[in-house]
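Annotation comment: Swiss-Prot describes CYS379 as active site, nucleophile, evidence class sequence analysis. Annotation comment: Swiss-Prot describes HIS515, GLU517 as active site. For SER14, LYS187, THR188, LYS189, PRO190, THR191, GLN192, LYS223, the entry in Swiss-Prot reads UTP binding site, with the evidence type sequence analysis. Feature annotation from Swiss-Prot assigns CTP binding site to SER14, ASP147, ILE148, GLU149, LYS187, THR188, LYS189, PRO190, THR191, GLN192, LYS223; the stated evidence is sequence analysis. The annotation ATP binding site is assigned in Swiss-Prot to SER15, LEU16, GLY17, LYS18, GLY19, ILE20, ASP72, LYS239, ASP240, VAL241 on the grounds of sequence analysis. Per Swiss-Prot, the feature Mg(2+) binding site maps to ASP72, GLU140. According to Swiss-Prot, the domain 'Glutamine amidotransferase type-1' annotation covers 291-542. If you look up Swiss-Prot, you'll see 1-266 marked as region 'Amidoligase domain'.
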Amino acid sequence: MTTNYIFVTGGVVSSLGKGIAAASLAAILEARGLNVTIMKLDPYINVDPGTMSPIQHGEVFVTEDGAETDLDLGHYERFIRTKMSRRNNFTTGRIYSDVLRKERRGDYLGATVQVIPHITNAIKERVLEGGEGHDVVLVEIGGTVGDIESLPFLEAIRQLAVDIGREHALFMHLTLVPYLAAAGEVKTKPTQHSVKELLSIGIQPDILICRSDRAVPANERAKIALFCNVPEKAVISMKDVDSIYKIPGLLKSQGLDDYICKRFSLNCPEANLSEWEQVIYEEANPAGEVTIGMVGKYIELPDAYKSVIEALKHGGLKNRVTVNIKLIDSQDVETRGVEILKDLDAILIPGGFGYRGVEGKIATARYARENNIPYLGICLGMQVALIEFARNVAGMDNANSTEFVPDCKYPVVALITEWRDEDGNVEVRSEKSDLGGTMRLGAQQCQLSDDSLVRQLYGASTIVERHRHRYEVNNMLLKQIEAAGLRVAGRSGDDQLVEIIEVPNHPWFVACQFHPEFTSTPRDGHPLFAGFVKAASEHQKRQAK
């Protein structure tokens, strides 16, 4: 089987939406019956984004096999059925780390190790490995053409196109086509210069995606085609839209998938986008709306919670309601009090690290519990709910996590020192372990209690969810908390770790150690988020009476 590659680059400015464009194109090709996957190549020197600040980089998306990856992989999984893995994302840091390890072992037999051929060969090997078994692979190159960091990746894909044959390789370039109000027209010169920059590297784009706040007129697209040496039908206008789920239809309407299939000589049926049309219909025709407060510490960059925000929207689609998300800084709860939580239909506390703002989260969990407001806690959101219950219901004054107060009297949350990974191997950690790549990561099995709310929501007794944490409920103190009324609704497959807790005498209070947002999609949603949004809607109706 021959694998075809589409290399996706961006020019002029960053944040044009390469990830959304690649994912949308992949969704169309998948709808034509093709086996598609997407890769993201990041030029930064970090080995992975696992230890990067969420405020700088956005969320860390965790794959089933436990890789900590770029948030674009979340977009990929929300648009296509193919599951991402550690093969779908790698960085400059990972490449250099691998090459230097080989050099130390003597694998290069005394050769002078250089960017060309050693670094570029390592990049090509990983791209080919990630594409095995697929009809089409989209490879997104992070950054902007012209960045010094991107040069080894651009050189590698230039070589790769020659290696596999140009009949199996396409270059798709996203550029900005700005509209100047003073002139009353869009300007194509930035696109021309961006393509010129690509040509200087040896890459002639085959497809140009023109990003603008409005549709790029046909005469301007013809002008771009002429000056950039690209067929006119391969100059695609991608205007701003009110929903990213409209992009597949926008690209298909301009024949992009037909052009690609002809170039690759792929015989496949027309794309059926009815599932996406249904998503767009549900999004545009809600029967109501709810307001959900998300209390976190990284709210100045919403992308830090990208998958959670999307999962809440998916929950809204499943309930035919619009979800208005109010981002609340947990430190504001500490300084201004729980008054700022009034008028919310539900409260969610997402994952996070560090002591800053944690008391505000604990106060938020208490407010939700005592006022019968639907509550969903994720990762740290479960831990603060447990700490709050231990302090205020179980009589364990000053209960805390050893992450925040190492010598606290009641360490109800503590470091996991031992667990089994996805392959069944025992992992061991201590306080002295490195921060990077040392958490309990990836898909893990969870057994649900028969009498639990989550058992009803999932409709199954065993589930698999993705994790990213190094602290867990302390089983040594669990019995005292359970005796006070807290329900353990889910445990790990080996019965060693608490995965889900519930407050039984509450309309809807669920907190989980795993990250359900990573498996929520617009077409399928997720049981927890669908149930949570439904509970928010029901709470709103009760309050209106």
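Using the three backbone atoms N, Cα and C, a Cβ is placed for every residue, glycine included.
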Checklist outcome for this item: recorded positions considered: LYS187, LYS189, LYS223, HIS515; fewest surrounding Cβ atoms within 10 Å belongs to LYS189
Checklist entry - Which whole number is the mean pLDDT over the region 'Amidoligase domain' (1-266)? => result 95
Checklist outcome for this item: Close in space but at least six residues away in sequence, with Cβ under 8 Å from that of GLU140 (Mg(2+) binding site), the same-chain residues are VAL8, LYS18, GLY19, ALA22, ILE38, MET39, LYS40, LEU41, ASP72
Item to check | THR191 (UTP binding site) versus SER15 (ATP binding site) - Cα distance in angstrom | outcome: 15
Checklist entry - Does anything in the same chain, at least 6 positions from SER14 (UTP binding site), have a Cβ under 8 Å from its Cβ, and if so what? => result GLY143, THR144
Checklist entry - What is the interatomic distance between the Cα atoms of GLU517 (active site) and LYS187 (UTP binding site), given in whole Å? => result 40
Next on the checklist: Suppose we draw a 10 Å sphere around the Cβ of THR191 (UTP binding site). How many other Cβ atoms does it contain, all chains included?
Outcome noted: 28
Next on the checklist: With Cβ-Cβ distance below 8 Å and at least 6 positions apart along the chain, what are the contacts of GLY17 (ATP binding site)? List them in sequence order.
Outcome noted: LEU174, ARG211, MET238
Next on the checklist: So, three-state DSSP: helix, strand or coil for GLU140 (Mg(2+) binding site)?
Outcome noted: strand
Item to check | Three-state secondary structure, THR188 (UTP binding site) (per DSSP) | outcome: coil
Checklist entry - Taking the Cα atoms as reference points, how far is LYS187 (UTP binding site) from ASP240 (ATP binding site) in Å? => result 16
Next on the checklist: For a quick check of understanding: given the listed UTP-binding residues SER14, LYS187, THR188, LYS189, PRO190, THR191, GLN192, LYS223, what is the maximum Cα-Cα distance in angstrom, as an integer?
Outcome noted: 24
Checklist entry - Which site among ILE148, CYS379 has the most other CB atoms no more than 10 Å from its CB, taking these as recorded positions? => result CYS379
Next on the checklist: Give me the CA-CA distance between LYS223 (UTP binding site) and ASP240 (ATP binding site), in Å, as a whole number.
Outcome noted: 21
Item to check | Set of same-chain residues at least 6 away whose C-beta sits under 8 angstroms from ASP240 (ATP binding site) | outcome: SER212, ASP213, ARG214
Checklist entry - Got a sec? Which of these binding-site residues, SER15, THR188, GLN192, has the most Cβ atoms within 10 Å? => result THR188
